[in-house]
Ligand code: ADP
Ligand code: MG
């Protein structure tokens, strides 16, 4: 199968009115009057971001999910995406599953695939997705916008993706039922896009938790030149991992990556509005601490024990 047949068969589903999809030199995407364009791109490399044997349906989902998560972290609404693929071979079974997983999520969040690039490679698979979104000018949720006295919130739960990865890597003892419960969190993350798009005006700073809660919250306090006080007992530990040893749970929750949920800060006066929004969009939210004037990042239990974590999260280099 040639490159053009491949694109026509797997990556050329119809796009909404006002868009131009695959087939010309560029795609066209409508601009929304009075809005600012938000852009992000993420590359996924075989062996580094996903295991070679991963189910292509979930890989298609995850390739877009990690990008939608970045849009959510800005409080943006998705408007479209492009996909660059480098493939060592044309495997139609793989392609049809990958594209199905990708399109399902794209449809769910109204983020049409409007173009891309397809090439061969002598190395492993590389998947690069760029997403476009929109936000009211001046309201995007910047990492630098946290203020002393803000509450710190986390959506969803923490730790399950990390435990699934450890199980798949053989770094934790074999456990089929634990893997079955945690694997979807690793392979099919669901960023809270609809909830996040309503946060501008309520929240100050936000980011998506991709490299680990502590490391990512560290980015907010550094950019905002403030400190943070987190109550460990208030962190949303994923129910599937609660029975593991205290040390394992702490590491998974504080430094486990691949979460693709949000950490955001907001003034206490918006607590009720945030809870209502969360209910409206079926999003779990936990208030886990507060932003302080300085003093770094402190994690304590309710009874005042300091929680430390040797591993601060994932770093690529
Ligand atoms: P060009 O030669 O201008 O780079 P291509 O031949 O690479 O164009 O691509 C032809 C058309 O197919 C373009 O409109 C491009 O956006 C689209 N396309 C290529 N690969 C993909 C893909 N993986 N997903 C979606 N659209 C794609
Ligand atoms: Mg091209």
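Heads up, the Cβ atoms here are built off N, Cα and C, so glycines get one too.
Annotation source TrEMBL lists domain 'PurM-like N-terminal' at 23-135.
A C-beta separation below 8 Å, combined with a sequence spacing of at least six in one chain, links residue 40 (Mg(2+) 4 binding site) to 67, 70, 71, 74, 130, 131. What TrEMBL records for 25, 40, 70 is Mg(2+) 4 binding site.
The Mg(2+) 3 binding site feature in TrEMBL is assigned to 25, 70, 208. There are 21 other Cβ atoms within 10 Å of the Cβ belonging to residue 70 (Mg(2+) 4 binding site).
The feature Mg(2+) 1 binding site is assigned by TrEMBL to 41, 42, 117. In sequence order, 82, 84, 85 constitute the residues six or more apart from residue 117 (Mg(2+) 1 binding site) in its chain with CB-CB distances below 8 Å. In the three-state DSSP scheme, residue 117 (Mg(2+) 1 binding site) is classed as strand.
Listed in sequence order, 66, 67, 70, 128, 129 are the same-chain residues at least 6 apart in sequence whose CB falls under 8 Å from the CB of residue 42 (Mg(2+) 1 binding site). Under the heading Mg(2+) 2 binding site, TrEMBL lists 42, 70.
In three-state terms derived from DSSP, residue 49 (substrate binding site) belongs to neither a helical nor a strand segment and is classed as coil. Around the Cβ of residue 49 (substrate binding site), 18 further Cβ atoms fall within 10 Å across all displayed protein chains. The substrate binding site annotation in TrEMBL covers 49, 258, 314.
For residue 116 (ATP binding site), the count of additional Cβ atoms within 10 Å of its Cβ stands at 17 [all protein chains shown]. For 116, 117, 143, 210, the entry in TrEMBL reads ATP binding site.
Feature annotation from TrEMBL assigns domain 'PurM-like C-terminal' to 148-296.
For 211, the entry in TrEMBL reads Mg(2+) 5 binding site. Within 10 Å of the C-beta of residue 211 (Mg(2+) 5 binding site) there are 21 other C-beta atoms, taking all protein chains into account. Secondary structure from DSSP puts residue 211 (Mg(2+) 5 binding site) in coil.
Put simply, the two farthest-apart Cα atoms among 116, 117, 143, 210, the recorded binders of ATP, are 31 Å from each other. When pLDDT values are averaged over the domain 'PurM-like C-terminal' (148-296), the model yields 97.
The 10 Å shell around the Cβ of residue 208 (Mg(2+) 3 binding site) contains 25 further Cβ atoms across the protein chains shown. Rounded to a whole number, the C-alpha distance linking residue 211 (Mg(2+) 5 binding site) with residue 143 (ATP binding site) is 15 angstrom. Residue pair residue 25 (Mg(2+) 4 binding site) / residue 49 (substrate binding site) shows a Cα separation of 30 Å. Proximity to residue 258 (substrate binding site), defined by a C-alpha to C-alpha distance within 10 angstroms, is shown by none of the binding-site residues 41, 116, 143.
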